[in-house]
């Protein structure tokens with residue numbers, strides 16, 4: 001019998017195409033090597049207990065049974081963390097048709113609310129750990145679908161990009177609900193976190209308002225973004241050498257950031273981090289995600305440390321990382 005399972009799932013960045021994807025245009029996303037780790041084991045109480053560490057809700061401990069929830073510690077984000085994890089556990093239990101007590105412990109390298117897919121990563125890692133504990137052998141694609149279901153249950157709407165990238169890993173081209181894996185490329189990147197977050201809902205609504213008020217100006221921007229994503233896909237699929245690919249992708253990143261800025265979703269701080277990264281030698285830098293705060297990322301072959309230092313000096317929180325070939329990973333199974 002399995003004693004416990006430790007699973008991990010990565011964060012993601014939208015490489016190209018945020019906001020325009022809402023209007024039916026494509027996007028390219030990738031998993032990055034910042035991970036959430038979930039350990040699952042059985043308990044004798046028949047209840048489910050969740051402990052979360054290092055995810056901006058330090059020391060959070062929550063227990064719940066069929067009809068009661070026990071907040072053993074009082075933190076504002078408790079319900080937010082609980083909702084993704086609880087639904088993930090519930091869906092895994094439904095798949096196994098079992099009702100048992102489970103302890104889940106979570107640690108994470110991914111900042112919450114930064115636009116890096118922390119919610120999807122914790123859902124995917126939880127489903128991965130709990131399903132394996134219960135003896136299920138779900139494919140990554142099946143786990144991605146369950147992760148998407150968790151997001152729909154919690155958020156009411158979801159494209160499925162975040163849980164799919166987190167479960168499957170690598171590069172994914174997304175358009176109108178369909179995913180296409182792209183060949184893997186090593187991207188030496190630095191993520192810069194502003195320390196603040198923007199509301200995706202509000203930012204999407206703001207772009208929608210501008211689109212409705214000035215379609216003749218906004219539509220060409222969105223159209224250019226869509227063409228840019230397809231150009232990036234063309235470069236990734238091309239037979240150019242790696243250095244040429246990186247240079248061209250960096251150029252597209254800079255253009256994409258300018259288009260996002262034109263839509264009004266960048267901020268002074270994001271701009272400062274983007275330009276600090278470029279000045280320090282990044283060949284491309286742009287915001288990633290909804291904007292209004294959150295994160296930017298820089299492509300910095302051979303210059304990651306220098307770019308990270310520049311981001312820190314500019315007031316950001318740098319994270320040196322790389323694209324993750326793997327998505328969900330079962331780290332350990334103890335019997």
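A Cβ is built for glycine as well, from the same backbone N, Cα and C atoms used for every other residue.
Close to residue 121 (ATP binding site) in the fold, though at least 6 residues off in sequence, lie 9, 10, 11, 12, 35, 36, 108, 110, 162, 166, each with a CB less than 8 Å from its CB. The ATP binding site annotation in Swiss-Prot covers 111, 112, 113, 114, 115, 116, 117, 118, 119, 120, 121, and the record cites sequence analysis as its basis.
DSSP assigns residue 162 (active site, proton acceptor) to a helix in the three-state reduction. Per Swiss-Prot, the feature active site, proton acceptor maps to 162.
Excluding 111, 112, 113, 114, 115, 116, 117, 118, 119, 120, 121, which define the ATP site, the same chain contributes 11, 110 within 8 Å (Cβ to the Cβ centroid), listed in sequence order. Take the CB of residue 162 (active site, proton acceptor) and look out to 10 A: across all protein chains shown you find 27 other CB atoms. On its own chain, residue 115 (ATP binding site) has 14, 197, 198, 200, 288, 289, 290, 294, 295 as residues at least 6 apart in sequence with a Cβ closer than 8 Å to its own Cβ.
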